[in-house]
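Have a look at the structure below, then the notes.
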Amino acid sequence: MKIAVLLSGGVDSSYSAYSLKEQGHELVGIYLKLHASEKKHDLYIKNAQKACEFLGIPLEVLDFQKDFKSAVYDEFINAYEEGQTPNPCALCNPLMKFGLALDHALKLGCEKIATGHYARVKEIDKISYIQEALDKTKDQSYFLYALEHEVIAKLVFPLGDLLKKDIKPLALNAMPFLGTLETYKESQEICFVEKSYIDTLKKHVEVEKEGVVKNLQGEVIGTHKGYMQYTIGKRKGFSIKGALEPHFVVGIDAKKNELVVGKKEDLATHSLKAKNKSLMKDFKDGEYFIKARYRSVPAKAHVSLKDEVIEVGFKEPFYGVAKGQALVVYKDDILLGGGVIV
């Protein structure tokens, strides 16, 4: 089978390509220019080229920087301006990697596209679904909720049945040169955030703009440094007059540049809604597990679809729900889709 492999210049994607090559597939390496500086791109492309030369496969470089900026990066900035906590990876996957890059791979005659994501594809009744990775500590299925069946059927995740701790030893044994590659330290969560998301925002908007902090009764009880520096659940970085116990951000008013704070129990919710839904065609209202944050423990809830809006009712209090984050629905370890929390 002819498969396109997205190569980042790192160990995981290189080993993904190696494992597919060992299985006898015909491969085409693809490097995506999305966000980094030209200096970084040059290094990553050099690393990807070394992997391709080792494997005896071609490498194509696709420049999607303009597309990424308008569809992902700018949306990230806009969401924070609106007082939300965005999830850019959940946008990038369907639009860039499994959108534009997949389209290009198909034009090259490839049947599928592979990446170093920690996830799996499982076919149930001849329909393809995303399944959580074997290594639950590294599982990335949360970021793939917006993919449709037809796209999922064209995906390959070679690392899905492996543990993260085993990848590097396996990769270095198979491809010894990987241990000598120069690289840059990247953010663990968002690829284009090098230090903190606040530093990224400062390049484009006024972040440090002092405002007031109110309690749930609407009384002014303190000050903050600028609403974009806070997310729901944060308990530091603002000043409360005479505070004797911890306070948590429970609300953000972007238009007024105000924070609302309360006690930990005030973060609890028993319901939430999500828009821009992307649920599998056979979805039926019922009891499921949901995640409202990456790495959060799945919570049991009743999930229903009403007028294109996902409505969730929790069995137990659920804490720290932030607008803009992805709400993702699972049946056991099978991903059924999700939406954006409103």
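For all residues, glycine too, the Cβ spot is worked out from N, Cα and C.
Here is what Swiss-Prot says about this protein:
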ACT_SITE  Cys92  active site, nucleophile
ACT_SITE  Cys191  active site, cysteine persulfide intermediate
BINDING   Leu6, Leu7, Ser8, Gly9, Gly10, Val11, Asp12, Ser13, Leu32, Gly116  ATP binding site
DISULFID  Cys92-Cys191  disulfide bond
SITE      His117  site 'Interaction with tRNA'
SITE      Gln325  site 'Interaction with tRNA'
10 Å Cα neighbourhood of His117 (site 'Interaction with tRNA'): matching recorded positions from Ser8, Gly10, Asp12, Leu32, Cys92: Asp12
For the recorded positions Leu6, Ser8, Asp12, His117, the one whose C-beta sees the most other C-beta atoms within 10 angstroms: His117
Chain-internal residues, separated by at least six, CB under 8 A from the residue listed as 'active site, nucleophile': Leu34, Phe68, Val72
Among Leu32, Cys191, the one of these recorded positions whose Cβ has the fewest neighbouring Cβ atoms within 10 Å: Cys191
Cα-Cα distance linking Cys191 (active site, cysteine persulfide intermediate) and Leu32 (ATP binding site), given in Å to the nearest integer: 13
Packing count at Gly10 (ATP binding site) (other Cβ atoms within 10 Å of its Cβ): 18
Residues near Gln325 (site 'Interaction with tRNA') in space but at least six apart in sequence (CB under 8 A): Thr85, Pro86, Asn87, Ala292, Arg293, Val340, Ile341
DSSP-derived class (H/G/I helix, E/B strand, else coil) of Leu6 (ATP binding site): strand
Helix, strand or coil at Asp12 (ATP binding site) [DSSP, three-state]: helix
Inter-residue Cα distance where the pair is the residue listed as 'active site, cysteine persulfide intermediate' and Gly10 (ATP binding site), in Å: 13
Euclidean distance between Cα atoms of Asp12 (ATP binding site) and Cys191 (active site, cysteine persulfide intermediate), Å: 15
Largest inter-residue Cα distance among Leu6, Leu7, Ser8, Gly9, Gly10, Val11, Asp12, Ser13, Leu32, Gly116 [record-listed ATP binders, Å]: 16
